[in-house]
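Just below is one structure, and these are the notes that go with it.
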Amino acid sequence: MTLAFDAFPRPFNVRRRLLMLSAVAPAVLGALVLSGCQKPGGPTALSRGEVKDALAVLDRAPEQGFAPGAFGERGIGELINSPKAAEQAEGSRRLQAALIAYAGAEHGLRIPHSALPADWGLKPEPYDAEAALFQALKAGTFKAWLADLPPPSPDYQALQQAYVAYLKLSTAGGWPAVPAGGALKLGAHGPRVLALRQRLGAEDPGAAGPADAPYDAALAGAVGRFQTAHGLAPTGVVDAATTQELNVPAQARAAQIRANLERLRWLPRVQPATRIDVNTAAATMDYFVDNRLTTHMLAASGKPGDETPMLRSAVDGIVLNPPWNVPETIATKELLPKEAADPGYLERKGFTTKEGAGGPRLVQEPSADSALGLVKFEFDNPYAVYLHDTPSKAAFAKTQRAVSHGCVRLERAVDFAKLLLSTQPGWSAGRVDEVLASGETVHVKLSHPVAVRLMYRTAFPEGGRIAFRPDIYGWDTQLLQLLDHPPAPKPSDRRTKSAKRA
């Protein structure tokens, strides 16, 4: 005898279930059946073992970064194994609903699209969780389907494992704070050095040492590794900025990882093998060819208030010697006041006024000193952002590089342009240099566009550990609020069946 497992969310037929369950003995409870219910192929059994697997996965959902009870999973096992038919039926209904909700959430569909801010352009792909569940049941692949629900990417798996570790650290009381004071460096000793060693040891076994040990080379090395992982200069000296990062609680680090797990769930399960990945929180750019990192460089992203949006697109063109069509807001808020305070400023900087469809606008002519530098990388997006060169190289010497108006500046843009153009017939590095030297604006259409992803990653695996960056935009906090308290979807969302990327 089995419990009915109907196609949710069709109406729940209590009378039919009660009649069917009237003769069920408690000893056989725990098996569920998909009755077919307008689906072809007839009934498909969910064995008692599969019920156990399903409940175990739901019980471990908090390890994936979801709040306990997020899918209404509490108490389902007790209901399914109740001697009361009505409770068994309720358990069946709730288990099915929980599985569908969890499957959708693992595909980034817990938060309705309509609730995501406009700058969060990394919208999840469509996924019909109900159809996937019933297909797995009918195909006999239910257990494999459960196992494959979390994203398969190595980054997600590393973050998920780290999340469990940081959660345990937090539950156990976290790590000790390092008292404020002067800089700590080689030769220092005392209670602050002991606190530092204990604090670092929570994440890095290499920091371990006797309680009375001074600040030695091993501890300095651990400090340097910590600084690198937090975007600081690896001096090996504990200054105020390092102390501030050291004293971020373990609970806060776990929360950062939670937010980044969710953003990774928004990405397609199969990522482009050749791609440009920009991390706006870390202000870096990585270029992958055949899923192998070939180029890494520093970048500069939008400052708070001019945030670089999250998006995915494809670089389909490169502009050599690009002019800069100044956005109206920058012209009125920044450039025109400078001209008023210093007449002739705009002319000296190469700005001219040109007529456009919307009236006159400022344009900065191409030059090595223009805001866009010598190269611009174009890709379709609703935010009018792009990657580009910059004459302001000093920003790349800083650890905090959120300084732009929203576009992404690249440390070695010309070299990167030569790399992308090297596959284009007739575009040798020498020809690129010739065009740049001429000052002529040339648009090159790429025969093979390169996928580009602008992502906001404040926690990510790097060098065998988890690296962290400050939540400069406040997007982690905003995301966690939505994740734990998702608003009701609007009719336009239709989340699990026809959610569309914005």
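Backbone N, Cα and C atoms are what each Cβ position is placed from, and that goes for glycine too.
Copied over from TrEMBL:
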type: DOMAIN; residues: 274-445; note: domain 'L,D-TPase catalytic'
type: ACT_SITE; residues: H388; note: active site, proton donor/acceptor
type: ACT_SITE; residues: C407; note: active site, nucleophile
type: REGION; residues: 483-502; note: region 'Disordered'
Just how many other Cβ atoms lie inside 10 Å of the Cβ on C407 (active site, nucleophile)? 21
Let me check the 10 A CB neighbour count of H388 (active site, proton donor/acceptor). How many other CB atoms are there? 23
Going by DSSP, give the three-state secondary structure for C407 (active site, nucleophile). coil
Is H388 (active site, proton donor/acceptor) helix, strand or coil when read with DSSP? strand
Give the mean pLDDT for the domain 'L,D-TPase catalytic' (274-445) on the 0 to 100 scale. 95
To the nearest whole angstrom, state the Cα distance for the pair the residue listed as 'active site, proton donor/acceptor' and C407 (active site, nucleophile). 8
